[in-house]
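Here the structure comes first, spelled out in structure tokens, and everything after it is commentary.
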Amino acid sequence: MVRYLQSFLHPPNKSNASNARNPPFSESPFEEPPSRVKEDDPLVTQAPSTPDGYFDHQVPILQSGSAGISPVSPRSPYSKEADKTSPRTPSPSSSAENALVKAEREPERAPEWLAIFFDLAWTATFSNLTSNTELTTKSTLWAYIVFFVLAWWLWAAQVAYNVKVKTTGKYHRAMMLAHLFIFGALSAFTANFSPFSHAVDPKMSSPEEFPQDEYTRKSMLGISGLFACTRFLLALSYARILYYAWEKKKEVGQLRRRLTTQIVTYLVSCVLFAAAFGVVKNDLSPKSFWIRLALWLCGIAVEVSTFIISPEVETRYLRNEDTMGDRLTTLTTVILGEGINSIAGALVFAASLIGFLPNAGGATVSAGLVIAFAFSIYIAGPRKENNGSKMTILLHFPLHLSLIVLLEALKNLLVLLSVIATIQHFSDRANTPKKGETIMDALDAAYGNLGLDLKAIAYSQLAYGNLTQDDVRELVNKVAAQAYLKIFQNYQLASDEFIANFTTYIRTDGGQARFDHPDAHLNNFTIEPWITDVLATQQISTVWIPISSAVFMCTLGVLILADEPERRQRYATFAAVTRMILGLTLGLIATSSDDRGDWAALTRFGGLSHIVAAVFFVQLLLDQFFAWITKNRLSAPSPPSASNPRHSAVVAPVHPGIPEIA
């Protein structure tokens, strides 16, 4: 305790206050010239310099070691041996003049907390869309694509900026708070996202549809306004870089023009999103949603076009190391993690309602294998690590979109199989008394498994007096309807219309329930079409399992081919080709049968998830095979050189200014 109290008396020094740093309001993202380095900088060392004060990044400095001669990385410190032998080392007579020159420093990385913040903030925004909007119809699929285009490019543009510039100043921290607000606000406008809705004037809607239409209009306003704010903030951030670039002269080259292009691009995009806000605010005609949608997509198209055409800032001028490739990999991993979370939610529903029967269980296992194999194929495949090229960034858009659609379709398949299994289990339990049970005991147990009290429901529907056969039939039908409503509500498949239809059926005395005959398989039952419509809608989305898997596999193949040609070798090319062949095979499966009965049978068997898992597993085995061949090829002894048979190794060329090290 005394030692802790003594800390109040210790003055700050280099040992106990090394982490103390009051960040400035803003910092330059560029490397500083050597003349600005202070003499007490601990990183200042003896090193060769170029006439203009900068290091010549093109001179291959050599160092000796146990393995032979190897070039020193342009970013790594110079070796002492090279300094002693190099004629470029300052002579003793000029050491006072050139002693304090800047040594090459390791590139700085954007803070890890910043990377985690943006990735999790984006994931939270998009997970709200997946949890609040069921991906079951073509219209919802298009809604997903529109929102994904907006949200994904918002993430990509912001991260592409963050990984290149310094992000620890007060200015950037203020920007972080602003983006925190924007991401949080965007997540509030994702419930039942419908960019194609014609209900632009809620005052013209019916009382039942008014709340949803009003929310849709507010969502369009919020998304347009928030995206306009993000574009303005990003233009402001690039203007800050331009301010520091203006201090540079001929060393930077065309940097100022590139930054000016970025600023103009984001300002144009800001104007387009602001115009979309004005359209939603003032134009209440049904066709105005096309104008707003066109303005959204034009804003993104302008930014993507500039991203593709405009040259990037040369990394040798920047402090930060470009870690865009790492961020893309991290986001892919986060998306797969969200898919696991979504599938786990479906399993919770099934377990709580005893819907985990063989078909659903087998599909669950194969869905887990699909996620595991997809992760392995993506991470362990023959592609360049940390590759943040423009082509790689753009190819991750279809990769991430196909992953999200695949995971949502797998979740819908599990929910569909679990609902069918729950209905089947409920019917079997109600109609098959166990040993020592009566038929009423079996009915009580069946309803109890759903969390319903059969006797309480029956008493609430009974009328005093003698019961006729029609009264009994009406009571039985209403009790059965309550069970089915409970099942679909627990699986979150009951829409407002679905609940209203069931509620009217149950509460109407002497209605259709009095004349229905619920035989086996829901024959001649009024609520049968309502149930089959929901199941059919849920089944439609299963066709996206092979389609999205095909896009995912083909994109992985193109990612390998997009790598630098000098880095590719024949076995990596073979892996890319097999990915595309297997991807096209999966795509053909989606169009192989026009018979809805065959497709329904394949779906209810869980065959789609089994097929995708099998194809992914085959690709994983092929990757291991190609890796084994590559390793054996590299470990084989090299053939002797034709010009000098006595030498089997290739000697690297030595720079004229550097003496050869024996």
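The backbone N, Cα and C atoms fix where each Cβ goes, and this holds for glycine too.
Residues or ranges marked as region 'Disordered' by TrEMBL: 1-105.
Annotated transmembrane segment per TrEMBL: 141-163 (among others), in sequence order.
Positions annotated as transmembrane segment by TrEMBL: 175-200 (among others).
The transmembrane segment feature in TrEMBL is assigned to 220-239 (among others).
What TrEMBL lists as transmembrane segment is 259-277 (among others). For the transmembrane segment (259-277), the residues of the chain that approach it from at least six positions outside its boundaries are 220-221, 224-225, 227-228, 231-232, 234-235, 238-239, 241-242, 245, 291-292, 295-296, 298-300, 302-303, 306, 310, 313, judged by C-beta separation under 8 angstroms.
Per TrEMBL, the feature transmembrane segment maps to 289-309 (among others).
If you look up TrEMBL, you'll see 330-354 (among others) marked as transmembrane segment.
Marked as transmembrane segment by TrEMBL: 360-380 (among others).
Listed by sequence, the residues of this chain that lie at least six past the ends of the transmembrane segment (401-423) yet keep a Cβ under 8 A from its Cβ atoms are 126, 130, 134-136, 141, 144-145, 148, 152, 332, 335-336, 338-339, 342-343, 345-347, 349-350, 353-357, 359-360, 363-364, 367, 370-371, 374, 484, 487-488, 491, 493, 535, 538-539, 541-542, 544-545, 547-549, 551-552, 555, 603-604, 606, 608-609, 612. What TrEMBL records for 401-423 (among others) is transmembrane segment.
Taken from TrEMBL, the feature transmembrane segment applies to 543-562 (among others). For the transmembrane segment (543-562), the list of distant contacts is 135, 141, 370, 374, 377-378, 381-383, 389, 391-392, 395, 398-399, 401-403, 405-406, 408-410, 413, 568, 572-573, 575-580, 582-587, 589-590, 599, 608-609, 611-612, 615-616, 619: same-chain residues at least six beyond its ends, Cβ to Cβ under 8 Å.
The list of residues near the transmembrane segment (571-590) in space but at least 6 beyond its ends in sequence, with Cβ under 8 angstroms from a Cβ of it, reads 377, 381-383, 543, 546-547, 549-554, 556-558, 560-561, 563, 611-612, 615, 618-619, 622-623, 626-627, 629-630, 633. Per TrEMBL, the feature transmembrane segment maps to 571-590 (among others).
The feature transmembrane segment is assigned by TrEMBL to 610-629 (among others).
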